[in-house]
Amino acid sequence: MGLWEAFLNWLRSLFFKQEMELSLIGLQNAGKTSLVNVIATGGYSEDMIPTVGFNMRKVTKGNVTIKLWDLGGQPRFRSMWERYCRAVSAIVYVVDAADRDNLPISKSELHDLLSKPSLSGIPLLVLGNKIDKPEALTKQGLTDEMYKFSHEMRDSGGNIVAAGCATDKNYFIPCL
């Protein structure tokens, strides 16, 4: 099963509806735009321009239409995250599993986001991207790191998936 199929199955299991909105958030260079492109076209490109502010893309696969909000991950755009996550069907928090130096910042940003009362009850998927890189955390390492504040993730119905957009490898992490 490819990354898209696994992702779609997860979403269907949560909603069983044909239209949904997702916000893709995470630090800069985590691979959010690459993920959107893989979902929309099935293709991957190394040459991505950083998202300034946000981009929106509508993707229809079969009878499911998803509006994807790709939000910039630079510090100046993080204050917008809550606004674009309030009314969505689910939040996809993308983590660069190969960027160990920024993992504490990523965890802190996710923790801050999950503490917002307006986002209570919105399903969360933490997607560890770039798992195919040699320097990336293992699936278990990523799970251990991201679950250091597991009570927030459990309260939001959170799940962790580790994948590599470039290779369309997907690894599911049993986390709940």
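Here the Cβ of each residue, glycine as well, is placed from N, Cα and C on the backbone.
Features of the protein shown, as given by TrEMBL:
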- Gly26, Leu27, Gln28, Asn29, Ala30, Gly31, Lys32, Thr33, Gly73, Asn129, Lys130, Ile131, Asp132: GTP binding site (BINDING)
- Thr33, Thr51: Mg(2+) binding site (BINDING)
Gly73 (GTP binding site) and Thr33 (Mg(2+) binding site), distance between Cα atoms, whole Å:
11
In the structure shown, with every protein chain counted, which of the binding-site residues Lys32, Lys130 has the densest set of Cβ atoms within 10 angstroms of its Cβ?
Lys32
